[in-house]
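Colleague: Dropping the structure in here first, questions after.
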Amino acid sequence: MNNMLTSIRQSSKYLIVIILVLTLWIRLDYISHSEFKPVEYDQKNYSDMAVRLLDEGIYGYNKEGIPDSRVTPGYPLFVAAVYKIFGYSDIHDAQMNLRYVQAFIAPIYVWFIYLIGLRLFNRPVGLLAALAAAVYGTYIWMASLLLTETIFMISMTALVYFQVRMMQNNQMKDHLWGGAILGIMVLIRPNSIILAVTPYILMMIKHRKLFIKQILWGVGAFAVIMLPWWIRNFITFHEIILISNGVAGNALLAGTDPYFYKTIPWNDIKFEDQGKVAIERIKEGLRTRPLFWIQWFTVGKTSYMFLKTFYLGPYPMYVSPWYAEFIKFLHKAYVFIGIGGGLISLFWNRAVLFLFINFGLLLVVHLMFIPEARYTIGMMPYLMLITAYLLVTAVKFIYQLIAGRKLEGSL
């Protein structure tokens, strides 16, 4: 019996290879059998940015061909690199090549999710969480999008993995890697910078001391990655632009319309004033209807992001109707088990506490803006890992309970 269990444990090491192959196959199958309409909005803008950068050497999100710093360069440079390697004379073919590249690199974030689960808990948790990410409908569809999603997921899961290493080993190389990866992630999605604080806060609480040296090494590595972007902005615009001059005001203002009753007079608000108007609307709402606005900025927006909308695009039409419903069921299971179980178990499990803090930080950031299901992609890995931990723990408990009863019956 013991030999059989040992054999199962040893063979389970290779299950991750099957999961990674499954991850790639599902995405390639979806992309190769789907017809894609001409891209619009952000997808088109990113594609046009890459072409403009390659043809004219101009980095700008606008259509006028004027340099700007509206978006950070992580994804535009990635798109430009793919176009440069595979060609872009036929833009449709170039975009398809980009989709295939994103499908091929998608297993990287599944691998990191596995490693996070393995380090924080055990191999079964890592495998279960990786499998959840591999077959998660949103993650399959997003490989086909000309958006930041796929490379953001890679950078974020890599950061979390090295954060775990920081807390467990506290080696300088892990702090350097963490700082560098944080820089890459910020160049892809700036608002995720808030994740930088989690490991250091937990380390300070546990060891009751400041880790100044480690923090400085991490900040230094972060600065090295960001420096070219800072220098470019200073030379081009003669001012210090640390992240971007983006359009956060628009998303912030859109988030001040509780339950979408269309109370925002968009036509009367200048684009450059949207952020200021958003702050005033929030202040007014909290002054006149505090409970209503607090509910909207907490439970209301969370519900819209996680339960009332799904970031699946046309993917449900690609699969069987029953499976399309099953995808939504799985999503809700991760949400309810991950959040509910996480809130309870974080009080006795530091690994869950770490995951839940990162989840909470991302949630708080996104609750400030318009609640879109797209924002959940970076939060779902934490819920998948927590759900996997709780399921594995429950199975172990049931097994031990049954084994104990059998032992009593044999005495």
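In case you wondered, yes, glycine gets a Cβ from its N, Cα and C as well.
In case it helps, TrEMBL gives these features for our protein:
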TRANSMEM  12-28  transmembrane segment
DOMAIN    72-230  domain 'Glycosyltransferase RgtA/B/C/D-like'
TRANSMEM  100-118  transmembrane segment
TRANSMEM  125-141  transmembrane segment
TRANSMEM  176-202  transmembrane segment
TRANSMEM  214-231  transmembrane segment
TRANSMEM  291-311  transmembrane segment
TRANSMEM  331-348  transmembrane segment
TRANSMEM  353-370  transmembrane segment
TRANSMEM  382-402  transmembrane segment
Colleague: Against which stretches of its own chain does the transmembrane segment (214-231) lie, if we need a Cβ under 8 Å and a gap of at least six residues from its ends?
Modeller: 72-73, 166, 170, 172, 175-180, 182-184, 186-187, 196, 200, 240-242
Colleague: Kindly state the mean pLDDT of the domain 'Glycosyltransferase RgtA/B/C/D-like' (72-230) in the predicted structure.
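Modeller: On average, pLDDT over the domain 'Glycosyltransferase RgtA/B/C/D-like' (72-230) sits at 96.
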Colleague: Please work out which recorded stretch in 100-118, 331-348, 353-370, 382-402 has the most C-beta pairs separated by under 8 angstroms from the transmembrane segment (291-311)?
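Modeller: Answer, by Cβ pair count: 353-370.
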Colleague: Do any residues of this chain, six or more beyond the ends of the transmembrane segment (176-202), have a C-beta under 8 angstroms from a C-beta of it, and if so which?
Modeller: 72-75, 148, 151-152, 155-156, 158-160, 162-167, 211, 214-215, 217-226, 229, 243-244, 246, 350, 353-354, 357-358, 361-362, 364-366, 378
